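Below: one structure, written as structure tokens.
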Amino acid sequence: MPQLRIALAQLNNHVGDISANADLVVEWCRRADEAGADLVLLPEMVLTGYPVEDLALRQSFVAASRLSVERLASRLEAAGLGDLTAVVGYLDRTDETHSLKSGAAKPQNKAAVLHKGTVVCSYAKHHLPNYGVFDEYRYFRPGNELHVVRVRGVDVGVVICEDLWQDGGPVAAAGEAGVGLLAVVNASPYERNKDDFRGELVARRAREAGATLAYVNLVGGQDELVFDGDSIISDSRGTIIARGPQFAEDLLVADLELPAGLEVPPGSDGTGPSGMIISHHVLSTTAAPERAPIEPKVTERLSDLGEVYAALVLGLGDYCRKNGIQRVYLGLSGGIDSTLTAAIACDAIGADNVYGLSNPSAYSSEHSKSDAAELAERTGLHFSTVPIAPIVDAFHQGLDIDGIAAENLQARIRGVIWMAESNQHGPSIVLACGNKSELAVGYSTIYGDAVGGYAPLKDVSKTYVWKLAAWRNEEAVRRGETPPIPENTISKEPSAELRPGQKDTDSLPPYEILDAILDDYVEGDKGRADLVAQGFDPDLVDRVMRMVDRAEYKRRQYPPGTKISFKAFGRDRRLPITNGWREGR
Ligand SMILES: Nc1ncnc2c1ncn2[C@@H]1O[C@H](COP(=O)(O)OP(=O)(O)OC[C@H]2O[C@@H]([n+]3cccc(C(=O)O)c3)[C@H](O)[C@@H]2O)[C@@H](O)[C@H]1O
Ligand SMILES: Nc1ncnc2c1ncn2[C@@H]1O[C@H](COP(=O)(O)OP(=O)(O)OP(=O)(O)O)[C@@H](O)[C@H]1O
Ligand SMILES: NC(=O)CC[C@H](N)C(=O)O
């Protein structure tokens, strides 16, 4: 059986920066070549980044992507990497003469096969995901052909991401065509438990196709999405034989013993058993040289809490790095949300770039100040205190307000202070510290503690915030480091401290109950009858549903934050703000 050395380049690119991404591709191809690879797979749309959103509608962007892939082929050849076969994702349009208004003029999400200075063929994704965070029907025209390339005598079928998730189509056709290897290039965003699902999917499709399957995934943060890498190789029996790290760049290299391709006349095209047009391309048939075999690695999985924490760190870190943001400012109340946000920020961009502000009011407890100071001591972040009581008093001299209006004034004054610091010492942003539970029920002050450029905990429920905080401290102990989060911050009862003795439970049900209802209402999209049938108190269900529905306007104005759940607020859950639909009340 011919031996093929494959390299999966799970890299972190930059949406829109085609020229820098092309440089990255060359660099990773060089690394693959140095590792002796015959074939290197790069992630879906590696040249443009993913998702490009409405950049896909700009002809200039599509043309630049297309030109870049052609130049890349000659660049690789000129760099002495022409013998390597590279699968490179990009955006293409082949029918630019058609009317822009017609769907036929839409570009395609493609993967080009580059070899010996040419673009040998280019596969267009068949299945376009159009659910959750994906809008691919808005942008792309689906493909209808399959390409099979022969590398070192092995037939390799190339498909793109969602093609793997759907039954039938190009994956089934590749199996029927008898490929030895199915190469799948991906940009599959992280969400909790998705890695388990992906692992099973890859193994199942490999068994169904009767072929070894190599799955390469992107790494890095892109606005609200974070890509976790976690590239996988499964043999044709469904055994995972190699797996890359999560949330880190890596070149995963493996030697594969694969069956020789069947007799296909060079360059012959035809219709496969499932009726799909299949084009064959013979690139190389010579056997691999004698070389010391590489033992493929199977990287250990992170724990559930560990992977969520890593996602939040990478999401915030890449948002800052890719947008030229050097520092972050945030209000430190000594509470669990701002403390965990600060710990994530320190891990993402370094404590020396994190500026925490304590802004005590007349109602602030002593522990709110001492716990915030202790956090600074433990992490090494910059810490300063700007009391707001005199500013609040000055406002009250000119304003006749009380109750919630007066409470919100305090939160807004803090927001003004954080933004002023950020403006003064930029390039920097303010971090909003709200969590998913608060965001769901509108428990934050708009233009107050809701100000900011990024919200790391936006998709993390309050009960999970506590778990993550405990996990981060345990992790520090395991590594022999100082746990960042003060014990009192984890154990004390949450309070907004906007009036004397205020507790979150004055306005909200206990978070364990609230989060259970929110899980079903927000993530599960269940209706009132289902929630009541599950045993939740009907009055409480009504109250929570009302709070969630009414807070849509607040969520729309909230900063972006990393998606970690099946359904995050934002692109994943799109509801009208002006909405008269009410159930049972
Ligand atoms: N449909 C709509 N579209 C656009 N804007 C709309 C709107 N409905 C109201 N508004 C505007 O929004 C205002 C009400 O929102 P907002 O000013 O935020 O005030 P509001 O939601 O009434 O009060 C803030 C709540 O959050 C709690 N809080 C505040 C700060 C921190 C924390 C915490 O623990 O983290 C909790 C606080 O205890 C209080 O219960 C209205 O006065 C109006 O101006
Ligand atoms: N005294 C304070 N000094 C600085 N920032 C504050 C102060 N109080 C509140 N904040 C900011 O406002 C946000 C909302 O805090 P609040 O205490 O009202 O509710 P919370 O959701 O329980 O948050 P936390 O758990 O961080 O206290 C905090 O996360 C913090 O960023
Ligand atoms: N880019 C894609 O096609 C992603 C869709 C796919 N179901 C995933 O999340 O992995």
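Yeah, the Cβs are placed from backbone N, Cα and C, and that goes for glycine too.
Per TrEMBL, the features are:
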ACT_SITE  K125  active site, for glutaminase activity
BINDING   Y131, S188, K194  L-glutamine binding site
BINDING   N408, E438, K554  deamido-NAD(+) binding site
COMPBIAS  494-505  compositional bias 'Basic and acidic residues'
DOMAIN    4-258  domain 'CN hydrolase'
REGION    478-505  region 'Disordered'
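Annotated features, which come from TrEMBL, shown on the structure.
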{"residue": "K125", "record": "active site, for glutaminase activity", "contacts (Cβ under 8 Å, 6+ apart)": "E44, Q108, N109, K110, A111, E136, F140, P142, G143, V159, I160, C161, E162, D163"}
{"residue": "Y131", "record": "L-glutamine binding site", "contacts (Cβ under 8 Å, 6+ apart)": "none"}
{"residue": "S188", "record": "L-glutamine binding site", "contacts (Cβ under 8 Å, 6+ apart)": "C161, K194, R198, N217, L218, F227"}
{"residue": "N408", "record": "deamido-NAD(+) binding site", "contacts (Cβ under 8 Å, 6+ apart)": "T445, G448, L498"}
{"residue": "E438", "record": "deamido-NAD(+) binding site", "contacts (Cβ under 8 Å, 6+ apart)": "D337, S444, K462"}
{"residue": "K554", "record": "deamido-NAD(+) binding site", "contacts (Cβ under 8 Å, 6+ apart)": "L439, G442, S444, I446, A450"}
Protein Cβ atoms within 10 Å of K194 (L-glutamine binding site), excluding its own: 17
Contacting recorded positions for ligand 1, chosen from K125, Y131, S188, K194 when the Cβ sits under 6 angstroms of any of its atoms: none
Env. residues of deamido-NAD(+) site, Cβ within 8 Å of mean position of N408, E438, K554 Cβ: G434, G442, Y443, S444, T445, I446, G448, D449, A450, A551
Deamido-NAD(+) binding residues N408, E438, K554: largest Cα-Cα distance, in Å and rounded to whole number: 15
Entries of K125, S188, E438 (recorded positions) sitting next to ligand 3, with Cβ under 6 Å as the cut-off: S188
Within the predicted model, mean pLDDT of the domain 'CN hydrolase' (4-258): 96
Helix-strand-coil residue split for the region 'Disordered' (478-505), DSSP-based: 8 helix, 0 strand, 20 coil
Conformational class of S188 (L-glutamine binding site) under the three-state DSSP mapping: coil
For N408 (deamido-NAD(+) binding site), the three-state class that DSSP assigns: helix
Farthest-apart CA atoms of Y131, S188, K194, residues recorded for L-glutamine, distance in Å: 16
Structural state of Y131 (L-glutamine binding site), classified by DSSP into three states: coil
DSSP-derived structure type at K194 (L-glutamine binding site), helix or strand or else coil: helix
Shell list (L-glutamine; ref centroid = CB of Y131, S188, K194; cutoff 8 A): P129, G132, F134, W165, P189, E191
